[in-house]
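Colleague: Take a look at what Swiss-Prot says about it:
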{"type": "DNA_BIND", "residues": "188-207", "note": "DNA-binding region"}
{"type": "BINDING", "residues": "40-129", "note": "nucleoside 3',5'-cyclic phosphate binding site"}
{"type": "DOMAIN", "residues": "155-228", "note": "domain 'HTH crp-type'"}
Amino acid sequence: MTENFILGRNNKLEHELKALADYINIPYSILQPYQSECFVRHYTKGQVIYFSPQESSNIYFLIEGNIIREHYNQNGDVYRYFNKEQVLFPISNLFHPKEVNELCTALTDCTVLGLPRELMAFLCKANDDIFLTLFALINDNEQQHMNYNMALTSKFAKDRIIKLFCHLCQTVGYDQDEFYEIKQFLTIQLMSDMAGISRETAGHIIHELKDEKLVVKDHKNWLVSKHLFNDVCV
């Protein structure tokens, strides 16, 4: 039984490493020699995946689920990153290691592949294709950060909420033809926290959008019409 368990675990790890290899566009054979240094873990909704800098020695590949990464700077400001499956994180300090105060939490049940940050840095130095892919992913990460900040600069609360919906659809939404689907983690309280407005104001704006058939709550998930993006999406 123990041998079967180990075999199953190794097969799972191999499968996820192949998914990572596809994501960064390299042959699986490049990662295969380092399989023993990697791991697959499952997290339940609300569970902390890591808190840096105490746990900043790993890079993670999100296999399934949604996460929120809350980055705290020295002034106490909070920058939030939302991610869905098929993303590598955190990679902003991959090439210039420094302490990063970042809390990563599972918004839904999640499965992640972990590997040492030093291993990924080594692979980048040894393989130009990996370096170029990671560099492009870092740029995408910074663009996401910029879009989030731009949404928060909107003067009017309604525009801010709409732009945040657009931002969330672009980062964690699932394209369903005429609309985007956002999983059940999204709440009015979270939207109000992100927008820097009261829960009452956020709730009133979202109610207006529901009346306009631009936002629908389908059971626990959100359906956001693409018509919402026409004029104000960043």
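Our numbering is plain: 1 for the first residue shown, then up by one each step along the chain.
Keep in mind that glycine also has a Cβ here, set from the backbone N, Cα and C atoms.
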Colleague: Quick check on the binding-site residues: of VAL40, LEU88, VAL112, CYS124, whose CB has the lowest count of neighbouring CB atoms inside 10 Å?
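Modeller: Each of the binding-site residues VAL40, LEU88, VAL112, CYS124 was scored by Cβ atoms within 10 Å; lowest is VAL40.
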Colleague: If you count CB neighbours within 10 Å, which one among the binding-site residues SER52, GLU64, GLY76 has the smallest count?
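Modeller: If we count Cβ atoms within 10 Å for the binding-site residues SER52, GLU64, GLY76, the smallest count is at GLY76.
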Colleague: Determine how many residues of the DNA-binding region (188-207) DSSP places in helix, in strand and in coil.
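Modeller: Residue counts in helix, strand and coil order: 17 helix, 0 strand, 3 coil.
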Colleague: Which value does the mean pLDDT take for the domain 'HTH crp-type' (155-228) in this predicted structure?
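Modeller: Mean pLDDT across the domain 'HTH crp-type' (155-228) comes out at 92.
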Colleague: Could you check what DSSP calls GLU64 (nucleoside 3',5'-cyclic phosphate binding site) once collapsed to helix, strand or coil?
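Modeller: GLU64 (nucleoside 3',5'-cyclic phosphate binding site) sits in a strand per DSSP.
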Colleague: Where does VAL40 (nucleoside 3',5'-cyclic phosphate binding site) sit in DSSP terms: helix, strand, or coil?
Modeller: strand
